[in-house]
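Structure, as structure tokens:
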Amino acid sequence: MTNKLIIQGGKKLAGTLQVDGAKNSAVALIPAAILAESEVVLEGLPDISDVYTLYDILEELGGSVRYDNKTAVIDPADMISMPLPTGNVKKLRASYYLMGAMLGRFKKAVIGLPGGCYLGPRPIDQHIKGFEALGAKVTNEQGAIYLRADELKGARIYLDVVSVGATINIMLAAVRAKGKTIIENAAKEPEIIDVATLLSNMGAIIKGAGTDTIRITGVEHLHGCHHTIIPDRIEAGTFMVLAAASGKGVRIENVIPTHLEGIIAKMTEMGIPMDIEEDAIFVGEVEKIKKVDIKTYAYPGFPTDLQQPLTALLTRAEGSSVVTDTIYPSRFKHIAEIERMGGKFKLEGRSAVVSGPVKLQGSKVTATDLRAGAALVIAGLLAEGTTEIHGVEHIERGYSKIIEKLSAIGADITRSTAAETKL
């Protein structure tokens, strides 16, 4: 890609940042609309490439999608179970939600194995285990997953690994199955509650979303509805870290503070002043940051998606901080890039030791995945001089209007249009 972000670092940021709808909800809510038989209206969707890719896929299936600003009106009435072995499905990891939704509605689907961020092995074996338990035959042929069922019947499904994707996918497939489904060792993320709320508004019978046991009683038909997406807790957390790194008073609006308890606790431990309101968080200016140890866990633990952005902030902390990722042990690709800027790190197994404080210097760096990109933006804002970040497409997959938002609070950040490439 010839696209790059250019950041002139060292500026103090002040003002208000608005958080958009949750990316990890949006990519499941849009496929979930396939299960309805009339119009579904989704409000508050983020303006990111994954969302537009999903609109294109729904239109390929024969659905109609009208969208304006952050609202989409999806009419799934004329959809057919068209095979999707290649094409748009390969562009995003979350295209696997089409498996559960199409299986639930049509009893069959062909979905090319998805792309998105590369974070080491991310098998979908738990998804497949769930589909098979519901009565589907699943085969992998030439890089595409083929699913077919004469009928779907409720089942008791125990997830061997707590997986957000598998929990949601099994919910999508089970809401129109015959009888009762119980998902045990289910993931508890807020995005799962969001998807369950949409499905319930469509007429599904779901109990226990947000706990480790979800009970679903299948229904024959689901109807359209109105649904407003929850705010993106990872975008909110990223903005909190960014405000602590380079801010002199930044207010972050459209947040649900209970979704952010992990990052709030750690930033408090680091000595960062915060004012927590009902739907906003104010992050004050901080001179000295205390070192802190972090371990990522499934929700409600500290989120793996905020591990990388926080690593950039820890270059400012006094002493050695240890960051351990128990979810994705190989999620440290950003470290080599921040080292180019003068960061001091030591990798030990699934942990990174961050030594500080160091003054980062602008450099040419590359984002290898979405949250690594966020970490490099924070590092670039902290650094003296000019930072060029390549791999912009990764950042734009998950952060909508990032340049406009950061420019509005005083960041000097531009997108190079060297050879404009359509993303």
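Including glycine, each Cβ sits where the backbone N, Cα and C put it.
Taken from Swiss-Prot, the feature active site, proton donor covers Cys117. Swiss-Prot lists Lys23, Asn24 with the feature phosphoenolpyruvate binding site. The UDP-N-acetyl-alpha-D-glucosamine binding site annotation in Swiss-Prot covers Arg93, Arg122, Pro123, Ile124, Asp125, Gln126, Asp305, Ile327. What Swiss-Prot records for Cys117 is 2-(S-cysteinyl)pyruvic acid O-phosphothioketal, and it gives sequence analysis as the kind of evidence.
Reported as a whole number, the C-alpha separation between Arg93 (UDP-N-acetyl-alpha-D-glucosamine binding site) and Lys23 (phosphoenolpyruvate binding site) equals 12 Å. Separating the Cα atoms of Lys23 (phosphoenolpyruvate binding site) and Ile327 (UDP-N-acetyl-alpha-D-glucosamine binding site) is a whole-number distance of 19 Å. A 10 Å cutoff on Cβ-Cβ distances gives Asp125 (UDP-N-acetyl-alpha-D-glucosamine binding site) a total of 11 other Cβ atoms nearby, all chains included. Ile124 (UDP-N-acetyl-alpha-D-glucosamine binding site) falls outside any helix or strand according to DSSP and counts as coil.
Cβ neighbour count within 10 Å across all protein chains ranks Ile124 highest among the binding-site residues Ile124, Ile327. Other Cβ atoms within 10 Å of the Cβ of Pro123 (UDP-N-acetyl-alpha-D-glucosamine binding site), summed over all protein chains shown, number 9. Residues near Asn24 (phosphoenolpyruvate binding site) in space but far in sequence (CB under 8 A, at least 6 apart, same chain), listed by position: Ala94, Val164, Glu189, Glu191, Asp232, Ile234. Between the binding-site residues Lys23, Arg93, the minimum number of other C-beta atoms within 10 Å of a residue's C-beta occurs at Arg93.
The Cβ of Asp305 (UDP-N-acetyl-alpha-D-glucosamine binding site) lies under 8 Å from the Cβ of Ile234, Gly237, Arg371, each on the same chain and at least six residues away in sequence. The number of other Cβ atoms within 10 Å of the Cβ belonging to Gln126 (UDP-N-acetyl-alpha-D-glucosamine binding site), over all protein chains shown, comes to 21.
DSSP classifies Lys23 (phosphoenolpyruvate binding site) as helix under the three-state reduction.
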